[in-house]
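As structure tokens, the structure follows; a few thoughts come after it.
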């Protein structure tokens, strides 16, 4: 061991070292303490993690945000995994690399500069930290002739004036002593303070030659950056109007120096973790050895990796980062789980280290203490996911995992098309330009293999590649257009190429135009007397226009002859909401009058879409009535924009309802909850949430509805506040979407506070919202699906849409009551049975919206009635099956439906249904049929011999269906499993309808992938 500090009366603890740094600047030098930003980058899409202390002030240096204070100090949580600063592969191999570390720093934004920064740094080191200046070397920028920047002799002279001899002030070039944020932007020289841990090994001159030579006994301690230049796009350098200081000192290294330790891992930041690992696992005590030629030091290296990863995982999870959405985090977490299980023989060890991490770091970062239980829940959930993945991997996935072991880091095993998709990806990747997966290939992953956008984003992150999402989404849009147009009743043909040219022309046009003033979309009020929204019309000037894909300065009615012709109009200002924040765009009209002939009648353009391109709002329009020669619009004309208040009102109600739904679930169940996605339309709102440790039941749905309806009745004000990113980072209770990148300024914070009901909703959102909860009128959940192990998708309605749903439910309840009354009075007829069957079918297979709990209860009532009818009915089993199957086969001829996948709805009426009778009726193609009666689901699959191939047969196809129910698949005794297979009966829960839908979807996807005609 070596001691780089002078002998102290008492060794400082890590807590005291951190506090001394912050107190020195706040108490002695009037700095403002700013808490650490989360390790999740908030406004910066260019990095996966916050990896330096300056990240949260990047926008200040760039001039896009105001400084929070002139002088700032903090301790910033940092993570380095992957990319330019990648410490993951060497963590544990030495004494100073970490994935998680703290960076102590002080900043000046246009206040003090070089003299004060150097003086304060030296004062702290030799004063409160008692470090001998005789062990320090400092560096300065030697200049660069190519850039035309002279040597920083000012810095040299400052260090001389502070008592450093010239032999300890060393010049270095751009590589070591010139800092740049990027290819362009703020930059400047820096000065580094280095510390000699072994000065007795040589003279000052000899030891000085080892500075910046990568030596472990002479290391950098503190870096002071002087931001005084700007790198211009042409590569030249110019002076900045204001000068800034940005300093950074690695906390773990400082602690090792002040605690006289040769390794960061020997400090009290890590020793409590090593003690915890040893006590929990009963492994040999940590010995502090490092890998050498004669000693691999596997146990001690594992100690260091696990302790480091426990800190990183705790910090990331406490800051809202999720393994499901960040594969680098998942990779680190799974590595820690593997070490826990395979080295320390304790599979729950990682989660049990979290309280120790919180004990060492929680005082500095209180969010870790507040989120401790949530962090443990998330780790336990990830452990279960990983364990299930390894236990249930299919043979095909196991094979590809052997070939590509890094796939263990992503959770895509459940996607039936992943294996063939990944194999094709490996074949094609050499053709991908710029390390980017092209949009057309991404679309193929979706269309052919069933991968979702979330799936291939995981894949791209794992492979360190980018995704051309813009092109992918354009491909998806075009596919939708093709699909819609192929179903047009008028038999018209969609010109897909034209649609694409229009999109490209819109992008080109808007690049040249000034940004649209879209603030008017938030100008509206609620008329309580009429219970409707008032949206003022807006008069604005036309600044850009396309007729189909051609840019025009003027157009007339004679040029708009085809009903499919579109006008893309950009105005200087707009009150239309474009699709963003999950909310659909507004509908409405644009009123056009002929400026040259005011006596001519006005013309209306229907706004069919609203797009946001290059900060411009594009209104895509068609004429509301057949064109006539009097219609004319030109650049510079003033038009009137009229938003459809009815559509806006429903969108607005549904958006606020989504926020209340999110908050209600968090409040009622107090579980780890995170938003996966949301969508808001005039018809409904959808919210998909990750919810750990809680399975949503029918009774829970009623609890959620009751709470939200009570909040509606409370007539609580919905507050909207404009905040900056800096404001948000100082708050703990704002709900944000994990992984979302937010702008620096102008963030809208939507808040609903109901302390009496223990509900608080605070979300950043760009959508439109009600002004008071009473405007929602009522709320109900119309569907609930479990989409993953711990994910639930809610569909809900509010306002007029909810009132309509409740009216429908009331009518249906009345009719079912009448039918039940007939049953109880023995007035049953065949028509009763048919009507019950029809009602049941419509509830399950049409778009009719009903309150979810009511729907489940009504289906149960109908099921019971049908079951009792069966007990007294003379209808034979043969008729039940044959009628349904013959009708099905008639509806689905073999030329358009090469395979049959069907749930026999009449199975609810009988105790036992012979599925072989159903399959015998269909011998010309593969068939998979399913039945459910008495809460037991069964299935049978038959595949003709000529349809069997290496990937597709009865056993494998049926297995793709059975996996959702955990069903066992086997051939009838003495029969070939490739030709015929049965799924043994499985007891089902009240989520049968959702499970059935998932299972049928998986089986359909499997057949689509592997069945070859």
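Positions of Cβ are set from backbone N, Cα and C atoms, glycine also.
Where the annotation comes from TrEMBL, it is an automatic prediction and has not been curated.
Annotated in TrEMBL:
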type: DOMAIN; residues: 12-808; note: domain 'Alanyl-transfer RNA synthetases family profile'
type: BINDING; residues: 655, 659, 765, 769; note: Zn(2+) binding site
What is the total of other Cβ atoms whose distance to the Cβ of residue 655 (Zn(2+) binding site) is within 10 Å?
24
In the same chain, which residues outside the set 655, 659, 765, 769 have their CB within 8 A of the centroid of the CB atoms that define the Zn(2+) site?
581, 656, 658, 718, 750, 763, 767, 768
Please report the number of other Cβ atoms within 10 Å of the Cβ of residue 765 (Zn(2+) binding site).
24
Within its own chain, what residues at least 6 apart in sequence put their Cβ under 8 Å from the Cβ of residue 769 (Zn(2+) binding site), listed in sequence order?
652, 655, 656, 659, 718, 720, 750
Taking the Cβ of residue 659 (Zn(2+) binding site) as the centre, how many other Cβ atoms fall within a 10 Å radius?
23
